[in-house]
Amino acid sequence: MSSSKRTSREIEDDTSVELLPTSSEGSPIASTRPSMSSSKDVESRVSSEGRVTDWRAIYLISLINLASFVMQYTLGVNAFVYLRQIDSSSSITDQGKVKSIYRLIIGISCVLSSVYAYTRKNFRHSIIAGACMQVVGCSIYAYIEGFPEDNRTGIWIFIFGLHAAAEGCNTVLVSYVPRVSSVKDRMKAYSFLGGAEVVAVVIGPVIQFACHLLPGKTELMGISWLKISEYTVPIWICCLLSIVNLFFVTFCMEEPPLEKNPQTFCKTMAQAWQEIRNTDIPLVVVCILEKCISAFGCTTILTLAPPLIVTTFNVDESSQSFYTTMFQCVSGFLALGTVATFAKALKSSRLSSRAFLISLVFFILAYFFSIPTFSFYSQQVTVADANNTHGCNLTTYGWCDEAWIVNPWMWIVVSGGLIGVAFPLANIAHDTIYSQILGGIDQNVLTGLMVMIQNISMIPVPIAATEIFKLYGPTRWWIIVVATMIGGLVLWICSMKRLAIWTEEVER
């Protein structure tokens with residue numbers, strides 16, 4: 001009985017070599033040994049391969065994902081602007097720190113939750129833990145002005161650390177999808193899950209925009225930290241939403257049909273290693289690298305958009321909040337249209353590989369346009385002086401007097417719109433391709449591995465981006481991003497032949 005690997009065609013021709021269903025001792029594995037299956041095992045395999053999509057479960061986890069991301073984007077849109085309001089000692093480096101710590105905690109959290117879900121065969125516990133952390137984080141954020149000013153930046157970072165841990169816990173939802181969907185419906189199922197984040201990209205800024213219309217700050221009952229303002233009302237909304245989300249996770253979410261008697265940790269990890277060995281490892285590596293590259297594009301804009309607006313747009317604090325909100329609104333509405341197109345039109349993995357290529361092209365165009373290459377859409381940065389305190393501070397940023405930026409509204413519409421299309425296109429196409437490469441195995445460990453590598457690789461990015469911004473201005477970092485995206489595009493094009501062969505095997 002040989003343990004050597006076989007091609008997909010050999011596996012198709014040999015009915016004794018298949019993706020095994022969940023057994024009484026563990027999760028499904030890709031076996032290359034001749035099977036001594038009983039008729040019951042054969043029926044289980046047929047049932048697994050012919051799984052009917054549980055749309056109720058897909059809709060529910062999409063709503064849970066929506067609530068989580070609405071909190072993330074509502075709190076994150078003006079987080080840096082709000083920090084500067086409540087802590088006068090805060091700086092752009094704090095933005096870089098919180099984004100780096102955010103990535104680190106997501107990486108750790110997603111590994112722990114993925115391994116737990118894999119070994120214990122339980123998704124709900126990780127999601128409930130994440131929902132609880134969101135409730136705690138929102139509650140502390142609501143009270144942040146009650147803390148001494150010297151401590152507020154540290155507490156602010158801690159709050160977003162809790163939300164990062166919650167996001168890491170929610171990573172197991174990506175592995176939940178293959179458990180409750182058929183291969184035929186996988187793209188559509190991921191469109192709903194990914195679409196939840198895109199809808200949140202719209203809802204978050206819309207909430208902020210509505211709150212932007214509130215007049216000034218009003219204290220309630222004479223309590224200094226209990227205020228009604230454009231910054232605090234979104235926090236209270238998120239507090240309420242976190243409680244509702246916890247209720248739905250606890251009482252409405254169900255486990256998919258998994259085996260009830262989990263193995264020991266060592267046996268389960270040994271089985272996971274066997275599953276990894278039987279995947280197409282080169283394609284898995286390419287997918288992980290491409291995930292990191294697309295994440296680089298998203299991390300950059302989330303890190304540098306607020307400091308860019310605050311530093312170079314020459315507007316007051318209220319207008320800074322408005323411009324930040326509008327950038328995300330433009331991105332969000334176009335992203336929403338992209339997801340709607342995905343859910344209706346893209347049904348094959350072949351289209352997914354092409355869609356991911358297009359997303360990389362859009363990232364390149366978005367960041368290339370951010371570089372003030374031509375004077376007709378560029379303008380010089382206004383330097384702050386005694387009569388204009390909202391300009392670029394030459395003492396802090398030595399490049400202010402010679403710097404140029406793209407016209408603010410053109411940058412918001414063009415770059416924001418292109419990123420709005422690229423972001424969901426990359427996420428949904430990539431998740432679909434990666435899931436189908438892994439096939440019928442338990443995908444928790446490899447999904448967790450991908451997210452861990454993605455987030456760990458992004459840890460230095462926010463700090464490097466903010467430091468280069470502080471020393472040289474935004475243009476140098478835009479050039480670095482464009483070069484990286486071009487590298488990702490070349491890698492993907494070189495891999496498309498292998499992807500095409502794999503696609504033919506899957507569709508056959």
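Our numbering is plain: 1 for the first residue shown, then up by one each step along the chain.
Just so it is clear, glycine is given a Cβ too, placed from its N, Cα and C backbone atoms.
Taken from TrEMBL, the feature region 'Disordered' covers 1-44. TrEMBL lists 21-34 with the feature compositional bias 'Polar residues'. Summarising the annotation, TrEMBL assigns transmembrane segment to 57-81, 101-119, 126-144, 156-177, 189-211, 231-253, 283-305, 325-343, 355-377, 409-433, 445-465, 477-494.
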Count, for each of 57-81, 156-177, 189-211, 325-343, 355-377, the Cβ pairs lying under 8 Å from the transmembrane segment (283-305), and report the range with the highest count.
355-377
With a cut-off of 8 Å between Cβ atoms, can you find at least three pairs linking the transmembrane segment (409-433) to the transmembrane segment (189-211)? Only pairs 6 or more residues apart in sequence count.
yes
Any residues 6+ beyond the ends of the transmembrane segment (126-144) with a Cβ under 8 Å from its own?
64, 68, 71, 75, 86, 109, 113, 116-117, 152, 155-156, 158-160, 162-163, 165-170, 172-173, 225, 232, 235-236, 238-239, 242-243, 245-246, 249-250, 253
Establish whether the number of Cβ pairs under 8 Å between the transmembrane segment (156-177) and the transmembrane segment (445-465) reaches at least three, counting only pairs separated by 6 or more residues.
yes
For the transmembrane segment (57-81), give me same-chain residues lying six or more residues beyond its boundaries with a C-beta closer than 8 angstroms to one of its C-beta atoms, as numbers and ranges.
94-95, 98, 127, 130-131, 134, 138, 141, 156, 160, 163, 166-167, 170, 173, 176-177, 180-181, 189, 192-193, 195-197, 199-201, 203-205, 207-208, 230-231, 234-235, 237-238, 241-242, 244-245, 248-249, 252-254, 256, 302, 306-307, 310, 317, 320-321, 324-325, 328
